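Here's the structure we're looking at; comments come further down.
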């Protein structure tokens, strides 16, 4: 059995939660390997909706779940999210959930700095969730971070706390903000430590043991390839590497553990927040896509921008993320359109591109070159086999495969877990 790594193939919000939940039923371990609580997952199981942003999707099904060292953790959000799920009768214990001891913490000073920067940015906002993800990663790279393991030694890390606070006080001074209250921060950390430490474990060792037992491991990515800090629409990106290769470093496993890479993509395209979006539709069609697809961010509640499927971006995502197969979601949202468009290139000035150039002004100026195909009137909602799909919907799927140079492995036709068409089992490689 192969391991499976799930990544978003667009700008996030592709429906990874449902697909991961569907796969988690057959996995032995589910691992988050990057990001923080800025990425929302919505699961619908037996008519019950679960919303997660930090915890791996496997917790809902009771699958062993691990938050890897590549994830930045807000301990207070962890507590609140866990309590909310427990109220929905989800069982979460140290036997079913582990947090890497080396995961960096998101502290209140990180989310505050995030907000200070966004407020100062004016009309040039990146569109951050203001949850401190970026500043926490900055401190990790700057070797200032307080990590999960440090919560067991708060009284012994005074010099490190002083260095961290001095750095942030210098930044806060530039924004005209008061210094960090050191005493309060220490007390807050001592208070929350008891919630986190029971789950703190050597995640790399657990995973190594599971691998030796030939367990099926499912790596759950957050955000999407086009939000990757290196390969995305910079600077309108997240603060971590979202591509499949990060599963190795962000979990403590070797590169060979990544296995089958399943990219999740909507049958159209959406984006939350600022940044280039060549196929964005500021018209009735875009509004219809948003209404039918219930396009609001799980974490922020912000309305998502909507547009036609972009095969250029997808082909680029497939290449840089090493995607083996695609899970196509929300096909049912396209039911009833007379015609559907697919972006096959970009025009920037007098030049046509078959990829998205890296310069941000070129990205903003890119105009889509469309191919138009006939739509379908029949409903695809709830379909669980190819025979239930309209012929024109199948034609649309096949055309996407040709354009992105990657096979469609799964098709999702509703938020319900079982409304999924399996073309190829990712766990079989």
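Positions of Cβ are set from backbone N, Cα and C atoms, glycine also.
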Residue in 63, 238, 288, 324 which Swiss-Prot records at the IMP site where 13, 14, 15, 16, 38, 39, 40, 41, 129, 143, 223, 302 also bind: 238
Cα-Cα distance, maximum over 13, 14, 15, 16, 38, 39, 40, 41, 129, 143, 223, 238, 302, record's IMP binders, Å: 34
Spatial neighbour of residue 12 (GTP binding site) that is closest, considering only the binding-site residues 38, 40, 129, 223, 304 and their CA atoms: 223
Residue 15 (GTP binding site) as reference: those recorded positions from 38, 41, 129, 302, 304 with C-alpha within 10 Å of it: 41
Integer Cα-Cα distance in angstrom, residue 13 (Mg(2+) binding site) to residue 223 (IMP binding site): 7
